[in-house]
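Features as listed in TrEMBL:
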- 26-476: domain 'Major facilitator superfamily (MFS) profile' (DOMAIN)
- 23-43: transmembrane segment (TRANSMEM)
- 80-98: transmembrane segment (TRANSMEM)
- 135-157: transmembrane segment (TRANSMEM)
- 169-192: transmembrane segment (TRANSMEM)
- 198-221: transmembrane segment (TRANSMEM)
- 283-307: transmembrane segment (TRANSMEM)
- 319-341: transmembrane segment (TRANSMEM)
- 348-368: transmembrane segment (TRANSMEM)
- 388-410: transmembrane segment (TRANSMEM)
- 422-445: transmembrane segment (TRANSMEM)
- 451-472: transmembrane segment (TRANSMEM)
Amino acid sequence: MAGGFVSQTPGVRNYNYKLTPKVFVTCFIGAFGGLIFGYDLGISGGVTSMDPFLEKFFPYVYQKRKNAHENEYCRFDSELLTLFTSSLYLAALVSSLFASTITRIFGRKWSMFLGGFTFFIGSAFNGFAQNLAMLLIGRILLGFGVGFANQSVPVYLSEMAPPNLRGAFNNGFQVAIIFGIVVATIINYFTAQMKGNIGWRISLGLACVPAVMIMIGALVLPDTPNSLIERGFAEEAKEMLRSIRGTDEIEEEFQDLIDASEESKQVKHPWKNIMLPRYRPQLIMTCFIPFFQQLTGINVITFYAPVLFQTLGFGSKASLLSAMVTGIIELLSTFVAVFTVDRFGRRVLFLQGGIQMLISQIAIGIMIGVKFGTAGTGNIGKTDADVIVALICIYVAGFAWSWGPLGWLVPSEISPLEIRSAAQAINVAVNMFFTFLVAQLFLTMLCHMKFGLFFFFAVFVFVMTIFIYLMLPETKNVPIEEMNRVWKAHWFWGRFIPDEAVGVSAAELQQKAV
């Protein structure tokens, strides 16, 4: 049978542990790192639909919006306007590469703190912006913060969580992202009704709140046992492991962490070593999963939901309200992943979510094509508008319990310690690059591809669903330092994993698998 599913990976150890209050609290606070990313995702799209903001910084777009005869697909087409949104993600790409070194040398928590600090400074620049240059400088600083947080938080959560609950705890990062989006859309809804320039300033300036939360959280959080061992604090790591596992029977897991650390010390150049054949599965997954995550088209909805709904004929207030509804749907749907990912596994959610997104995207494209055609003129009735919003909600729900949380979870849990920071940096860099690309090109693509844009993303959803079916093995309940056994047992990736990486002979492994 084709596919990478392995229900029981041979030779994987089962550690002894309990769910302790400490691990719950630390993972809860650690997930705060997702708030800054989520708040920005939600706030930028709403602000770019506010007339006072457009009139001050993007007067050309403001005049186009007022033109009643403008092609509906092209009302917001402006490379400068998209640069406001996308510049953050280019900065996040660059900072994530530096964050890898800081995360490895100083620990995960200080990388999180630095992310919160730079995001705080960026929010101040944006809130008090007097010109476009000041606005873009603020966006770049926000991007540095997002890059550091996105590089360190998923790794922190994966290392702190017990193996059988790693998916649920890591998905807390995605819950925080979506919560930030929902809060941002609610704030936008009310600030958009304020007169003058005060509304958008409040929306952008309030980004300092999640920034302060992650800074305080990083100061009170302990570092992970993995990171402590990596930096030479073995005894502290042992005490931390005993504390978060709630048992004294931690010798087996502790020894695995020590062994992984010793092996990682042999790797002097993780960026060079990750290119070796033995790390080919991790390299491919940390490149392709974030690439596909952005090509689902979700950030078209997240960034530009208010703009998209106005393009479909909604009023300014109604478009923000519709964006708020989709954000709430996404938040509630993310909890589906939290409670099912460690029960049903990663593959089931990936595949089901992919099918759901594919069907809804095709339906959205057909409806918009019928109503606006290729000319981009026409009107959409209330019933049809409600159906499109419902389809968008179905699409968002499918993403929220599949590619949304799993796009961060899987890359953060599959790499051995010696390349983990580099692999996560690649994951974030690829994610941010294609987030930047989609954000920068979307409004232009909408203007030229029209309703065909939704079919464009649907093709990628189809391809990525096939990719997951064939190439991703199941990783639920597998200890993070035992992940090589999963790859070794896979029908395709097994050829890249040397026998010594799993501690058993290939023949023995094959015999156990049968």
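Don't overthink the numbers, they just go from 1 along the chain as shown.
Each Cβ is built from the backbone N, Cα and C atoms, and glycine gets one as well.
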Is the number of Cβ-Cβ pairs under 8 Å between the transmembrane segment (135-157) and the transmembrane segment (451-472) three or more, considering only pairs separated by 6 or more positions?
no
Any chance the transmembrane segment (451-472) and the transmembrane segment (319-341) are in contact, meaning at least three CB pairs closer than 8 A with a sequence separation of 6+?
no
Which range out of 23-43, 169-192, 388-410 gives the transmembrane segment (198-221) the most CB pairs under 8 Å?
23-43
Answer key: the stretch among 23-43, 348-368, 388-410 with most Cβ pairs under 8 A to the transmembrane segment (169-192) is 23-43
